[in-house]
Amino acid sequence: MARHGDTRSPSPVGSTYSSSRRSRRDDDRYEKSRRDDLRSYRRSRSPERRYRDRDRDSYRRRDRSVDRRDDHRDEDSYRSSRRDRSRDRRRSRDRGDDRDHRRKSRERDYRSRRDDSRDRARRRTDDSADLKHKSRRDDSRTRNLDSKPREASKPSTPAPTAPTEDEKRAERLAKLEAWKQKQAAERERKQREAAAAGGARSILEEIDRKSGLSPAVGSPQSPATPTTDATPTPYSGKFDPKAIVRNAAPAPSTPAVLGNDVAVPQSAKASASSSSMNNHVQANKHPAANSTTSCKLYIPTIRFLQIANVTCTATSTVKRNVGGFGLGAKQVADAEKSSAVKTLGFGEEESKRKKLERLPTPPLEDAKDDMGAVDAAVEDEDDVDMQDGGTEEENAAAARAAAERREERLQSEALRAQSKEAALQSNGDVEMNDVPHQAESEKMEVDAAEEEVDPLDAFMSELAETAPPKKTTGARFTKAKDQQPEAMFGDEHDVDLTAVGEGDADDFLAIANKAKKKKDIPTVDHEKMEYEPFRKKFYTEPSNLAEMTDEEAASLRLELDGIKVRGVDVPKPVMKWSQCGLGVQTLDVIQKLGYENPTSIQSQAIPAIMSGRDVIGVAKTGSGKTIAFLIPMFRHIRDQRPLENMEGPIGLIMTPTRELATQIHKDCKPFLKALNLRAVCAYGGAPIKDQIAELKRGAEIVVCTPGRMIDLLAANAGRVTNLRRVTYVVLDEADRMFDMGFEPQVMKIMANIRPDRQTVLFSATFPRNMEALARKSLTKPIEIVVGGKSVVAPEITQIVEVRNEDTKFVRLLEILGNLYSDDANEDARALIFVDRQEAADTLLRELMRKGYPCMSIHGGKDQIDRDSTIEDFKAGIFPVLIATSVAARGLDVKQLKLVVNYDAPNHLEDYVHRAGRTGRAGNTGTAVTFLTEEQERYSVDIAKALRQSGQKVPEPVQKMVDSFLEKVKAGKEKASASGFGGKGLERLDQERDAARMRERRTYKTGEEGEDEEDKEDKAEKADERFSKIVSSVQSAAAAATTPLPGVPKGIDLDGKITVHRTEKDPAGASKNPLDKVGSAVADIHARLSRAGVMRSGVPIDNRGPDAGAFHATLEINDFPQKARWAVTNRTNVAKILEATGTSITTKGSFYPAGKEPGPGENPKLYILVEGETELAVTNAMRELMRLLKEGTLAAADSDARAPVGGRYNVV
């Protein structure tokens, strides 16, 4: 509560202080005998001391200035600037600290500082907020009139009169009389209307006599009558604020729209200009101490948006100021009520500018005990105009008429509620027909004007002519009626227990499972497709090569690094670019790039590819394999017609890594501009929307990774791109493409390309097991091998050292120091390979501490980081790069002179590719490998690579090789297979099968192509899997006879399930001892048969005396966590309880996927729904199934959006 004295806090509503703050001098003018003597500690100054002779002249001069401004004050609103001028000149003699307080309060208190004490006695005797407001308002106007006798004991000096005040006063009185006549006519019309409502008067009077309550409504004063001092008398009628609002407002011609402004009559505007505009009504923020303390009626006003909070206390009458339209004040007097009357709590009130609030309607059955509180809730609230509230009798008659209309409306709604079909057709809501009166009593409606039909509803009802028009214009919020869920569990109007059918649960679980599965593309039937013919053969052998004999061709291949070919009709290798049959534009680009002569692989591969043959090319790293398949592709594409709208690419290049795809795309760019071609690089990690936009614009060449290509083919139902025009396919690093998880994706893409395509495979390594797999997608291929299938280039110096783990980092620093100590290697690059992502980040941190600028790259980083890191490394921004094997293929850096295998590679091909990052295009390089004593398994492949490249194997490495081979002979170790396939396609197949079985058990995917064993297993456990998805509603008696645990019997797979009552002990049980023994034995067998098993419809503890008449169970153990949370959190359960009146209990224990409860253990987590009617249980189950569906779909969606995690930790 606000403090007394010179506090800055405003006075509370209803206090005897003015709502505006006073200066200290004004407060001192009051005598100590006034009612609010809380400031009695201040000294009082009499008028004689205040207006003594020495300052009387100045006072009169100031009054004359006030009189000169009276005309402006009457015609226009008060101007704060004018008041500030006059008030600033008048200062209190008190120079205390309240000067700031006095200055700040002047904008909020417009009472003139020149008024005398003429009305002081009147304010002292009459504590009415309305009279105090009017006396302050008319203080300055009556200052110049003849002085009146005062009730105060001390006289004051009379003020000079102004000649124009009488005329203005007469004019205002004339306007007032005209306004009164208009209001009198309005009241007579309302009385005639109220007379028609006399039928309900007797009923309501009888209710009033029974209740013994007499709430009173004060008649609002005429806002422009300053002399009215009558206190309204209470009446013995119902307090109906709706009727007050309706009577106070002008006769409505159109429905009032919430939030619009209400026009103020001209007479009200005239009086508003001279009334108090800053008499604030402070909202009472004190909460009720108990239910019998107070009730609140919030009366919002329109233009000035001040919320009046009228508080009705049980012990005293507190008077409040209600501001509205600046028309003065209104007295609201409330009669005393008994302390037993309960009040209606409306919660925390939030007052907002230019917003009207609506309050809920209390339950109707409480009307006898709480008549005043029920009527205090504003049910149908129009915009308020506080001009005239009428007399008490008129208000009472209007209240009774409104109550009669409300009674008729509720009766008609109760009749409609009895018809279930009509209710379903009109609103689609589920009616609780068992307790219609209770449902209606809990209904809370918020309408703008209940008795008036909304124009839109009326128009729609005229069109339909089947449903009666709804008499609501605002939003309706009901407790008893909950929105009917969508008809996803059977027929829309079916009310039986088909709510938990099999097919619908399978539908949304299948949707969730589909979201988790990878995108799939359909298999194309090539026999039904009509493909355009295309030409493969573009190569014409030059005459000098045609005259060459086979012996001369073999000698030439031997000179070109020992080219080995295998196949039928292999073309002879070319010696110059001009012999390849290329176009002028291509030759110009080759010349600009500085390619003088073809490399070994290029001289043999280009003629073979341009002859239209499938080719397998194996060559050492850095030998120019990329140009070997790009140049024939450009010639191949240029021979075909241009692309049309929505046609896919002609050339498709697939790579295993994103970095390699980026590098191939970069190598294409010099040729694209010259040949007027377009290429798109599509790889994972980059935004797919950009790649889709480029593909829709059209591209003859697509460089991609297999996973992203499948995504693009499946995007937008295959409308983004297609493979119908693909005739040239390249698999770069082909051994890796057919390894591990790449093989299914690659074969899926290859199956959708026309069979007569031309396929080219290139790699630096090609194990024999991968070779057999790759040949399945080729047709009579030519195999070209240059320098061995898995051989390190002879330009690379290989160093292998056997070291302990703790000495490797020191040795690495020594190698880097030796490299950069030579000025010639100032621009050299160093690439360090590790085996794990964590090791890459750890080594990065250690090298940074030692002063080496470096970066790391691995599969756990974002693609944009990987791309920028490689670009910076090539540009020389940092000289050292730490990487996993993700950078072992395709990375081409010309200044790379040192490769360090900090962690030894685990097979030969990985070692060849790592070492091949240096010594490219004829340059020299160094590859250093660290081996530890525990890595003797890897020493075999490293020694083999050294021997194949013609280098000596170090003695410590040879000892490790011999030791490992002896262990293999003794059976203690197993020799590792060559190639990346060492991790095993079989292992991945087993993991995929295991994941598929888990999904099948959990979600019942029902995938096709299952083997016989899976089919038999599915047939044996069909009922058990069905019970994991949805619960059935089944009686305890019927379920007790189930002989086999875990396999419920009597379940209709068509979804027609019946709800039975919970088993009750029969009243007239037989007293035969043998019957009792037999019943006990049967009960024991039934309990033993279901020990630890949760079957649908049979909760273990549903036999108690408090068990509902009907029940159902819903197992949620195997659903995702989000789905379980959706049906068990307090908020959702509370909503279902309020809507259906059932009891919902979470029972059982949670078991992870694949784990079943043992004997004597709790069943799996489930929900027990109990209710007194079948309809209540059904509605609760439908809502729970809906929440379960939403949670399952949300969990699947979040899993699909989750980023792929890596094997490293952010430090």
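Cβ coordinates come from backbone N, Cα and C, glycine included.
Residues annotated as region 'Disordered' in Swiss-Prot: 1-240 (among others).
Annotation source Swiss-Prot lists compositional bias 'Low complexity' at 8-20 (among others).
Residues annotated as compositional bias 'Basic and acidic residues' in Swiss-Prot: 24-87 (among others).
As annotated by Swiss-Prot, compositional bias 'Basic and acidic residues' applies to 94-153 (among others).
Look at Swiss-Prot and you will find 165-193 (among others) tagged as compositional bias 'Basic and acidic residues'.
Annotation comment: Swiss-Prot describes 219-234 (among others) as compositional bias 'Low complexity'.
The region 'Disordered' annotation in Swiss-Prot covers 344-429 (among others).
What Swiss-Prot lists as compositional bias 'Acidic residues' is 377-395.
Swiss-Prot lists 402-411 (among others) with the feature compositional bias 'Basic and acidic residues'.
Sequence annotations record features per position, and here Swiss-Prot assigns motif 'Q motif' to 575-603. For the motif 'Q motif' (575-603), the model gives a mean pLDDT of 90.
Here Swiss-Prot flags 606-784 as domain 'Helicase ATP-binding', drawing on sequence analysis.
Under the three-state DSSP scheme, Gly622 (ATP binding site) falls in the coil class. The ATP binding site annotation in Swiss-Prot covers Ala619, Lys620, Thr621, Gly622, Ser623, Gly624, Lys625, Thr626 and is backed by sequence analysis.
Residues annotated as domain 'Helicase C-terminal' in Swiss-Prot: 811-961.
Residues annotated as region 'Disordered' in Swiss-Prot: 975-1023 (among others).
Annotation source Swiss-Prot lists compositional bias 'Basic and acidic residues' at 984-1007 (among others).
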Least buried by Cβ count (within 10 Å) of the binding-site residues Thr621, Thr626: Thr626
For the binding-site residues Lys620, Lys625, the one whose C-beta sees the most other C-beta atoms within 10 angstroms: Lys620
Folded-back contacts onto the motif 'Q motif' (575-603), same chain, C-beta under 8 angstroms, at least six residues removed: 538-540, 542, 545, 556, 560-561, 563, 610, 617, 619, 623-625, 627-628, 631, 634-635, 638, 670-671, 674-675, 784, 786-787
All-chain count of other Cβ atoms within 10 Å of Ser623 (ATP binding site): 24
Most crowded position, judged by CB atoms within 10 A, among Gly622, Gly624 as binding-site residues: Gly622
Cβ neighbour count (within 10 Å, all chains shown) around Ala619 (ATP binding site): 28
Summary of DSSP states over the compositional bias 'Basic and acidic residues' (402-411), given as helix, strand and coil counts: 10 helix, 0 strand, 0 coil
Structural state census, the motif 'Q motif' (575-603) (DSSP three-state): 18 helix, 0 strand, 11 coil
Neighbours of Ala619, Lys620, Thr621, Gly622, Ser623, Gly624, Lys625, Thr626 excl. site residues, C-beta within 8 Å of centre, ATP: Thr599, Ile601, Ala764, Arg920
